[in-house]
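J.: For reference, the structure I am asking about is given below.
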Amino acid sequence: MQDKSSAVSCVTASLKELQKVLYGGKRFGNHVDEVWPNLYIGDMSVANDRYSLWKLGITHVVNAAHGRTYCQGSHDFYGATVEYYGVPADDSPSFDLSRYFLPTAEYIHNSLNTNGARVLVHCAVGVSRSASLVLAYLMIYHSYTLLEAINKVKECRAVAQNKAVLLNLGITHVLNAAHSKQGSPGNQSFYGNDFVYFGIPADDSTHFDLDEYFQPAADFIHKALKSPGGKVLVHCIMGMSRSSTLVLAYLMIYHHLPLKHALQKVVQKRAIYPNRNFLALLLDLDLQLTRKKKTCHIFPQELYPLQAYSVILACFSAVIVEKMITSSVLGNRVKVAQDMPRGLGSMASPEVQAGSYETPTASELHRLMWTKKGGNNRMDEVYPRIYIGDMYAAKDKRTLQAHHITHVLNAADGKFNVNTGPSFYRDTTITYHGVEAFDMPSFDLSPFFYPAASFIKNALSLPTGKVFVHCAMGLSRSSTLVLAYLMIHENMTLVDAIKAVSANRNVSPNEGFLEQLRRLDKKLHSGMSSEEESVDQTPPTCGLLGLLLKNRRPTGAVNEVWPDLFIGNAATARNKTLLQNLGITHVVNAADGPQHIDTGPRFYRDTNIQYHGVEAADCRDFDLSPFFSETADFIHGALSQKGKVLVHCARGISRSGTLVLAFLMIKEGLTLVEAVELVCRSRNILPNTGFLNQLCQLDSALHRRKISSLWPHEKLREMQNILNGRMKTKVLHVTAKGQCMKGSHGEGKKKKASHESKAGSKINATKAAEESSMADDYVTPGTYELEKILNRGSVAYTRVNEVWPNVYIGDEETARDKCTLKRLGVTHILNAAEGTWNNVDTGPGYYRDMDIVYYGVVAEDIPTFDISLHFFSAAKFILETLRNPQSKTILPVSQKGYCLYHADFNKLLVHCVMGRSRSATLFLAYLMIYENMTIVDAIEHVKGHRRIIPNWGFLKQLRELDQQLLEERGGL
């Protein structure tokens, strides 16, 4: 290795040079090779052979194919003798392995620094994923360039990124349906002598004539499969359109399958989506082949997948399509079978009464949008003063100024999309609003419908307001948001909105967005059942997977995911010393049974641990839902007894995570999304798709139950009980001598002041003014409007501010600075972030040398935390603090013979960690409950003295409080 210090500059080798080094020289390696002192690269056979690992002296294993089919590695598999680290990587060019480079390199580095340590990094074949991680380690910790690292590793072992998976599958022939520099680069030299290569330079567009390659591609596949041991990989970039079209053509040409049967055969194994042009070409091929047999047959609708049938309609003349659309979709839906070829009449919708409206199906909406009427320019006016366009128009300020655009709505905001942002328009008068959305059917755009519609409405409310809505191409995301606006604020049906927009511009929302618009249409116009509403609020499985896989990082063997609730693996469950140190009193084994982790209650008979076993298999076909309620009851009972619970399975990822999510939903009232977000903050979990579907069903059922129950009235009754003093809240009064005096808000103070304090006079005056000025037509704003109020102009952030006479809001540092507290004259403290769980663990003992009354609220600054349970108790503590003076001093007799009194008023500090969210929320609740303010008045008052940012979950709970108080006061 060359001396790095003497190198003046380092030039990264080109991809061609790297490939030349990778695929030259040593071609094959052993099952395992030492590529660096005490660092080995191997394949799955050596990784699965624990005896071989013992002979090699391996102490640490990094599995770069964690969770994959052929690699068995886990903490349980290797036991206590080998440290295990898993990286769930996929050996495909599209997989982003870079996010694992730093954590894996750090793990290898720390392992090799341990005395006697030897590390094995492996994947299935030991040439791609494992080699990539080792190369990253050498580059990060040993300052190698990539070329130097490759040369170093290849001295001992052959490495070849991604191609090895083809060898493992036994692939002998490769057909690249996207052969080009811009598409999927590849040639015979790239694959060497291991594969036979055939490239087709196809473009996945609606104008490319792929049919000229049908016969050559079919011949290549047929010849390959006839050769001994031949296996063919047909691919394009996504493996959905070009490649699937060629495979369908092969099945039709050489296996004489009709198009309908070929489609059925392929979709059973893989999801495919040929574009409309390719499907039309396949339909022509199908007709040609059937004519050769002298049989013409139009296949019935039920045998065709949706996309193929949509193309059949697109192949008809424009006149017929127009008649079908106007009669079956837009109007009374009268059958037009007489205008269609025989066999397609069933596609027309049944008759309905004139004037009734029903949300059309997705296929009908597709047919409506495929009737091209509008333009296809960079920018089109689709509705008075509303424009839709692409990113090029969005970046052309001259064009925007020429159209007098005043507002821009970017439906593809973010650094991975169209990253303009408000700074791009800072030299103009344009108001900017960004929506960070991705044009994928799995992306949930519906949460942005109402905020985006409100932005457009506010823009159009201005006399000269004009809105430009754009995404990358101005087809999918932008059009979806405009359609939502027309439905929400212009009272259009989805069909009317599509007609209005399509008349001026060709738009094409993807399948997922179209389904979300259909749901909105049902809510607004067709009506939606409670069951549909519950399904609507539950995200799809793909959305949950995205949430679970977001921001993943290595976690330990056991993690606390909820106060006193832990998730861990089997090794943790068998470590009684660790359980004792954690204070575990209850264990839930989600992998009970002789075939899994057979601990059982006998294993813990020498401890005080209570055991609950669930004999579940970690496969998507297993129904875990019957165990949801009983396990939730067990956990809830344990936590109610101040116990600590460990829920485990083999790895602490799937079965145990599922049961904990079910507990949080059933007993803690969280939605599935809220529960997932909460648990993932502390531990990486990944329930299998079957368990996720069962959790979605549970989420829908709980949502329906919540809608039909009377839980808001019960919660209000509980709050009223607190307010009336029926539920006592403990307060600790710490004297100067360090003695704690227990009191209760329900009992009241021993003495009341015989006169009104100055602060009390100010408060009562403010209350009277607020009551007199409250508008009769006040309506509680939405969370979006409240966030706008909070973000609209405020004072600069400081550590502590007086936000009300004798009331301060501050941060943790202020609460710990006793000198500052004495200087401010603080006599009472309300800690809105009490406990070790929330990092501000002061407590009454911290102030034992001060005459301070302490009140603590254990709260988390996360949207899913229910801080409303503390609204009334905290507000009453604040009220009693301000109502009663600390002491009175008798002044000398005046000339008029009166005794003068001087009162020393109590001063209160309300704090959390930053003094922005939890503390501000509790004080806002006080102003609303006892000072008769609306939520808007309370926010406006406090933000005039301090910068506050309650999270959106707390704002939602304050909105509910505002609505409840308005309802109560309106009924008085």
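Here the Cβ of each residue, glycine as well, is placed from N, Cα and C on the backbone.
Got these off TrEMBL a minute ago, pasting:
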- C912: active site, phosphocysteine intermediate (ACT_SITE)
- 30-184: domain 'Tyrosine-protein phosphatase' (DOMAIN)
- 99-157: domain 'Tyrosine specific protein phosphatases' (DOMAIN)
- 187-291: domain 'Tyrosine-protein phosphatase' (DOMAIN)
- 211-270: domain 'Tyrosine specific protein phosphatases' (DOMAIN)
- 378-526: domain 'Tyrosine-protein phosphatase' (DOMAIN)
- 453-505: domain 'Tyrosine specific protein phosphatases' (DOMAIN)
- 556-704: domain 'Tyrosine-protein phosphatase' (DOMAIN)
- 625-683: domain 'Tyrosine specific protein phosphatases' (DOMAIN)
- 799-967: domain 'Tyrosine-protein phosphatase' (DOMAIN)
- 869-946: domain 'Tyrosine specific protein phosphatases' (DOMAIN)
- 740-766: region 'Disordered' (REGION)
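Buried or exposed, and what's around them? Tell me for each listed feature.
T.: Each residue of the domain 'Tyrosine specific protein phosphatases' (99-157) gets a DSSP state, and the totals for helix, strand and coil are 36 helix, 4 strand, 19 coil.
In terms of DSSP helix, strand and coil, the domain 'Tyrosine specific protein phosphatases' (211-270) has 38 helix, 4 strand, 18 coil.
For the domain 'Tyrosine-protein phosphatase' (378-526), residue counts in helix, strand and coil come to 67 helix, 22 strand, 60 coil, using DSSP.
Looking only at the domain 'Tyrosine specific protein phosphatases' (625-683), the predicted model's pLDDT averages out at 90.
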J.: Does the domain 'Tyrosine-protein phosphatase' (799-967) come close to the domain 'Tyrosine-protein phosphatase' (30-184), meaning at least 3 CB pairs under 8 Å for residues 6 or more apart?
T.: no
J.: Would you mind checking how many other C-beta atoms are within 10 angstroms of the C-beta on C912 (active site, phosphocysteine intermediate)?
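T.: Within a 10 Å radius of the Cβ of C912 (active site, phosphocysteine intermediate) lie 28 other Cβ atoms.
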